[in-house]
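Listed features, source TrEMBL:
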{"type": "BINDING", "residues": "E36", "note": "Mg(2+) binding site"}
{"type": "TRANSMEM", "residues": "47-67", "note": "transmembrane segment"}
{"type": "BINDING", "residues": "C58, C387", "note": "Fe cation binding site"}
{"type": "BINDING", "residues": "C58, C384", "note": "Ni(2+) binding site"}
{"type": "REGION", "residues": "294-320", "note": "region 'Disordered'"}
{"type": "COMPBIAS", "residues": "296-320", "note": "compositional bias 'Low complexity'"}
Amino acid sequence: MNARASVEGTLSIQIVVIDATVADVRLRSTRATGMERMLTGRPMDEVLALVPMLFSLCGMAQGIAAVRACESALGMFPSPRQRAARELLILAEMTASHAWQVTMDWPRLLGGQPDPAALLVARRAVAEIPPALYPARDWNRPGGGMLKPNAPALDDALDRLSGTVETLAGTGMMTFDDIGELSRWARSSRTTAARMLARVMTDDMAGFGRSGVPALPDLPDHWFAERLAADPGFSAAPSVDGRPAETGALGRTAGTRLMTSLTSLFGNGLLPRLTARVTDLAALPQRMREAAGRIAAEASDTPSPASTSSDATGSGVGTADTARGRLAHWVALRHGIVTGYRTVAPNEWNFHPRGALARGLIGLPADDDLPARVGLLIAALDPCVPCHVSVEEHAGA
């Protein structure tokens, strides 16, 4: 097994059916087991270079969470301009992640053909943004790298991303008020996103997978630091006051009129979750433009001195948003060497053994449509690792 596979891990989902009813859902993830072992004992700068390469998905967000954790440990505070540049990098990666779902995963679930050409357009534009901001490619340098925006190149990449988002998500999502407007759009639009939402509504799956698992609150970084530092088990099964939570687009879009309407009808069921992904994607071009505007508005700054000193000692946490939800990295340093490293990713929240997937399925009838519906629910929660699903049937007592 290579280094990337050992860190990313796998997810096993076993659905136990007794008397044609889902009696239990057993989840086992290996994602959290490899990170600390692989990074402990290495110099800080080596770890910062390594982390983005260990993840096939969300490598940028992982790298930024890592550098933020090191900055926290060192008492470093990047400038507003550097913070805006990092936000833009994360938002661009989120766009590519959402685009992958809409172009590759959703068509498969709908019985159609993936659209790799549209995904390639998005990924090429996203790949041009880091060098357009950091020509030395030192975006993950503690304190901030050499930020020299190439405005024409950045504008061109953002224009192409905006066009791709409009193609994938259509127009109007941000203006819809209720399910009636959403339904009319889903029936009339030819986009994959519209077809997915229409399928869920037509097949009476809007509330499928609904559970009482709450959204992860907007918790401060120190909340994650305290738990990751004190409890090695938190990485594998995180909770808020002993209860699992759900993170991702559903929480980010909760304040919109459309999502307020949908969740009042269907809670955190399949239609609200999938609609949140499309709404989140539709909002990203404007969010990226706003971040680019803040970079342009702030005065240029000088990068912080190199931070590889052997005196680097302390601990800290860094967080970042991803398409799938909130990510946190915690690091402990002693004389420039990493002595501890722990993370908690959206996967551990959304696929918690007692979390949204398990509680959304237990008690449901296990009819012939269950596997297809489970596939849609898993796609809505969007695991960031390879996922294997099995169904085990038993007769009742």
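Residue numbering: from 1, along the chain as shown.
Cβ coordinates come from backbone N, Cα and C, glycine included.
All chains included, 24 other C-beta atoms sit within 10 angstroms of the C-beta of C384 (Ni(2+) binding site).
Contacts of E36 (Mg(2+) binding site) defined by a Cβ separation under 8 A and a same-chain sequence distance of 6+ are given as P232, G340, Y341, R342, in order along the sequence. The binding-site residues considered are C58, C387; of these, C387 has the fewest other C-beta atoms within 10 angstroms of its C-beta. Secondary structure from DSSP puts C384 (Ni(2+) binding site) in coil.
Spacing of C384 (Ni(2+) binding site) relative to C58 (Fe cation binding site) is 9 Å (Cα to Cα, whole number).
In three-state terms derived from DSSP, E36 (Mg(2+) binding site) belongs to a helical segment.
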